[in-house]
Every structure is written in structure tokens, then in C-alpha cells.
Amino acid sequence: MHELSTGNGASLLLYTAPVLTFSRVFKKKSTEEFSCLPYVMTLFNCLIYTWYGLPIVSHCWENFPLVSINGVGIVLESIFIFVYFCYASPKEKIKVGVIFVPVIVVFGLTTAISAVVFEDHRHRKSFVGSVGLVASISMYGSPLIVMKKVIETKSVEYMPFYLSFFSFLASSLWLAYGLLSHDLFLALPNMVGTPLGILQLIIYFKYKNKKEAPITTTVVGKWDHEKNKSKLELVVDVDHDADADDNEKKFMNAC
């Protein structure tokens, strides 16, 4: 099915998009203000849907494409999270642990319950699919934290474009696949992911050309006759559009 192959391709691009972000992390040896939440939630989504596609849950290999693409996602997201943890500050490392550990626990419980408690594929798919619905919504909703920061700072520096774009593309194509294959557990989360992807792109294009006003400094030399010595005034211009009175208040005097 054409939607299936293009959906897998879009998902692969989504999972590899953070390479650009982490090349910057490698270069600067710091995670700066990038959030690890999207990568942990994506790992959670990949784990659940890999399990969902395996024969123990699905009938035979009817959902093998889920296993293949999400298996790749597990490897890539695990690498990203490891790199993030290596270069994160101690405070950020704690945040990663607080998010990562519950994700692994929930996945472990999901696999155990679905394999032991339920005896047929239909009930297993319903149970794992329900958890997958939560996982997918969490993955597509995790950039909301970044979007909030973008709106506050009016800067898209820490909101990678390709991650947003491929998130929208992948969710749209998997939505089409879920509807055409009559699998609501694939279609429903992407009904949430698609509009969230559109929202990310709208916010990105709204703020992509807006930058904070540059800070310029001017050094002015004066002669102090009373103290018979020179004085330097360092004037800091923060906002060119502000009133002149406000600018005059923003200076430092150095003897």
C-alpha cells in the first residue's frame, strides 16, 4: 500500500531529524535549552507500537511494518537520549531520569499484562492499542512545552523545523493508513497528532524571523574637571524602539 510505504518513510525522517540537533549538542558539548521530553516520548511510542506489531499481540505479521520502522526508532531514540544525558547538566539529568524510568516501567507492565492476562489477539490488541493511544498523544503533545517557550521568547531557536515538519507528515500518512486499514488504534492518535503538527508549523513560521533586539554598546570619554581625571561612560542600548528617556537610564559609569 502506497500510504504504508510513504508513512514508513516519513516516520524514518521523523526519527532521524534530531541528528541535526544533536550535531549541535556534540559541537557545543551542551544540551543548552533543548528539551529531552520529545525524545523520551517518541521512544515510548516506538516501544509500544513495536510490541503491538509483534505476532504475540497482532495476528501473525499483519502489522510487520510497525515492527520494522518502530524498531529503528527505538535504536535511534535510545542513542539520542544517551547523548542528551551525557551532555546535560545535573539538573537536566534528573529530569531525564524522572521521565525515562516511568516510561520503561509502563512499557514493562504493558508487555507483561498483555502476554499473561489476555489469551487472544483481539483483547491483546485492544489493551496494547489503548496504551499506544496514550503513548502517541504524549509523543505528539510533548512539543507543546517547546511551543510555549517559543511564544514566550518569540524565538524558534530550540524548536527544530524538520522535527515539526516530519511529525506532521508522519502523523498525516499514518492517519490515512489507519483509516484505510480500519485500525482505529493507528488512526485515533494521529487524529490528534496531525492538528498538533499543523499548530507547530504555524507557530514556527510566525516566529521564525523574529529576533530579540541586539544589544549595542557605546563608550564615550569625558574629562572630569573637579576630580581631574578621565571618566568613561558605557551606554547600553537594549531596544532601539524604546523612548529616549528609557535608554538614558540604561548605562554604567566606570572610572
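The backbone N, Cα and C atoms fix where each Cβ goes, and this holds for glycine too.
Listed in TrEMBL:
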- 34-52: transmembrane segment (TRANSMEM)
- 64-87: transmembrane segment (TRANSMEM)
- 94-115: transmembrane segment (TRANSMEM)
- 127-147: transmembrane segment (TRANSMEM)
- 159-180: transmembrane segment (TRANSMEM)
- 186-205: transmembrane segment (TRANSMEM)
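Within the same chain, residues 1, 3-4, 6-7, 10-11, 13-14, 17-18, 20-21, 38, 140, 143, 146-147, 149-150, 186-191, 193-194, 196-198, 200-201, 203-204, 208 sit at least 6 positions outside the transmembrane segment (159-180) and bring their C-beta atoms closer than 8 Å to a C-beta of that stretch.
Distant neighbours of the transmembrane segment (34-52): 14-15, 18, 21, 25, 58, 63, 66-67, 70-71, 73-74, 77-78, 80-81, 84-85, 88, 92, 95-96, 99-100, 103, 106-107, 110-111, 114, 125, 128-129, 131-132, 135-136, 138-139, 141-143, 145-146, 158, 163, 185; these residues of the same chain sit at least 6 beyond its ends, with a Cβ under 8 Å from one of its Cβ atoms. The largest share of C-beta pairs under 8 angstroms with the transmembrane segment (186-205) comes from 127-147, of the ranges 64-87, 94-115, 127-147.
Panel annotation: around the transmembrane segment (94-115), residues 36-37, 40-41, 43-44, 47-48, 51, 56-57, 81, 84-85, 88, 124, 127-128, 131 of the same chain, lying at least six beyond its termini, place a Cβ under 8 Å from a Cβ of the stretch.
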